[in-house]
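Taken straight from Swiss-Prot:
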- THR94, HIS344, GLY345, THR346, ALA347, PRO348, LYS349, TYR350, ASN357, TYR396, ARG400: NADP(+) binding site (BINDING)
- SER103, ASN105, ARG109, ARG119, ARG143: D-threo-isocitrate binding site (BINDING)
- ASP310: Mg(2+) binding site (BINDING)
- TYR150: site 'Critical for catalysis' (SITE)
- LYS220: site 'Critical for catalysis' (SITE)
Amino acid sequence: MSAEKITQSKDGLNVPNEPIIPFIIGDGIGPDIWKAASRVIDAAVEKAYNGEKRIEWKEVLAGQKAYDETGEWLPQETLETIKEYLIAVKGPLTTPIGGGIRSLNVALRQELDLFTCLRPVRWFKGVPSPVKRPEDVDMVIFRENTEDIYAGIEFKQGTSEVKKVIDFLQNEMGATNIRFPETSGIGIKPVSKEGTERLVRAAIQYALDNNRKSVTLVHKGNIMKFTEGSFKQWGYDLAHNEFGDKVFTWQQYDEIVEQKGKDAANEAQSKAEQEGKIIIKDSIADIFLQQILTRPAEHDVVATMNLNGDYISDALAAQVGGIGIAPGANINYETGHAIFEATHGTAPKYAGLNKVNPSSEILSSVLMLEHLGWQEAADKITDSIEATIASKIVTYDFARLMDGAKEVSTSDFADELIKNIR
């Protein structure tokens, strides 16, 4: 068996039995969690496919290791390799200190146009949680990754650039509500129809493919009408135009209320649910953040913009055990490019101590296996994590919050996971 590249066709990914997958080991605790994660992935693939499939890992450089070896934080060769091989796994990366140097994570997303930040959030039995019913949390967040206020179009207070922007807004556009123009920094919030449509399309298709019940469009369109309000409307339009008979939208519901009354609308939605149609609804962001605490079971797949998605993903992660067990992926569903990554930082004070929880990196690799269509291997890892946590053999972050837990190192936790792969 010889290793081959994953390729993309109009029908999706073409995954050989021995794909070559680049990995970025990461900074700080990156080496510790990668050693653990890669062993668990390899063991699950071996167990699931009896040696008929395996991954050939190919290291590429980014972050501190790249800078030390090449003088560049994100070498062009790394970008070209990921572009060529489509799929990659990465650990946490240090953001270089110094003006004008952007986050390496953001740079990777923008260079590869990874427009979806995918963040599934669910609870594993036994994981300590601050909420009463963490088992009600089972959501998949589709966060737009390339636009919004995170696009990085900012002008610092006091510069000639910001003065030009403010002068233009006031004198050319008639903006009179910049409260303190002499001392303001300015940020630009682009939200496009195309960017919205490709995100919402991916979210609805995911819901259909994975037997989910609804997609919630989360926005602050009541205040930001031409950006977040447009996101909501474009999302509804896309659902109606491209998924017609597979979805039932709240806008359809409102139309039926107007024409036939609320009872008829409730009946139509109930019928749609019985037929397995995806319910497309929306929620204002601040109300949504309350609902994920008070009644999280009402939401399933969530599609939202960049800033909202950042808040929502980490708020939900806190309800199920924190970002130490929160997986993430950055995906372009059109080109096939995807990077699967731990969602936490580099935690430099724990670097090399063999102490931290590798679950975020491992579960991100589960997302990768699912993305490749290797569901059997993915399920084996998920089942093993459930069994291991239920047996209270955990790393320090959980052990300190669980009665009767046995605290183990990063590598010992990986050993336990491998032992529990059935």
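Each Cβ is built from the backbone N, Cα and C atoms, and glycine gets one as well.
Positions of Swiss-Prot features highlighted on the structure.
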{"residue": "THR94", "record": "NADP(+) binding site", "DSSP (3 states)": "coil"}
{"residue": "SER103", "record": "D-threo-isocitrate binding site", "DSSP (3 states)": "coil"}
{"residue": "ARG119", "record": "D-threo-isocitrate binding site", "DSSP (3 states)": "strand"}
{"residue": "ARG143", "record": "D-threo-isocitrate binding site", "DSSP (3 states)": "strand"}
{"residue": "TYR150", "record": "site 'Critical for catalysis'", "DSSP (3 states)": "helix"}
{"residue": "LYS220", "record": "site 'Critical for catalysis'", "DSSP (3 states)": "coil"}
{"residue": "LYS349", "record": "NADP(+) binding site", "DSSP (3 states)": "helix"}
{"residue": "ASN357", "record": "NADP(+) binding site", "DSSP (3 states)": "coil"}
{"residue": "ARG400", "record": "NADP(+) binding site", "DSSP (3 states)": "coil"}
Top Cα neighbour of GLY345 (NADP(+) binding site) in the set of binding-site residues SER103, ARG109, ARG143, ASP310: SER103
Residue pair ARG119 (D-threo-isocitrate binding site), the residue listed as 'Mg(2+) binding site' - Cα distance, angstrom, rounded: 10
Fewest other Cβ within 10 angstroms of its own Cβ, chosen from the binding-site residues THR94, SER103, ARG119, ALA347: SER103
ASP310 (Mg(2+) binding site) to ARG143 (D-threo-isocitrate binding site) - Cα separation in whole Å: 7
Binding residues THR94, HIS344, GLY345, THR346, ALA347, PRO348, LYS349, TYR350, ASN357, TYR396, ARG400 (NADP(+)) - maximum C-alpha distance in whole Å: 27
Neighbour count (Cβ, 10 Å) for ARG143 (D-threo-isocitrate binding site): 28
Those recorded positions, out of SER103, ASN105, LYS220, that come within 10 angstroms of THR94 (NADP(+) binding site) at the Cα: SER103, ASN105
Distance [Cα-Cα, Å, rounded] between SER103 (D-threo-isocitrate binding site) and TYR150 (site 'Critical for catalysis'): 11
Assigned element (helix, strand, coil) containing the residue listed as 'Mg(2+) binding site', judged by DSSP: helix
Shortest C-alpha distance to LYS349 (NADP(+) binding site) - which of the recorded positions ASN105, ARG109, ARG143, LYS220: ASN105
Cβ-Cβ distance under 8 Å to ARG109 (D-threo-isocitrate binding site), same chain, at least six residues away: CYS117, ASN145, THR146, ASN330, ILE339
Residue from ASN105, ARG143, TYR150, LYS220 whose C-alpha is spatially nearest that of ASN357 (NADP(+) binding site), among the recorded positions: ASN105
For D-threo-isocitrate: widest Cα to Cα gap among SER103, ASN105, ARG109, ARG119, ARG143 in Å: 19
Integer Cα-Cα distance in angstrom, LYS220 (site 'Critical for catalysis') to ASN105 (D-threo-isocitrate binding site): 26
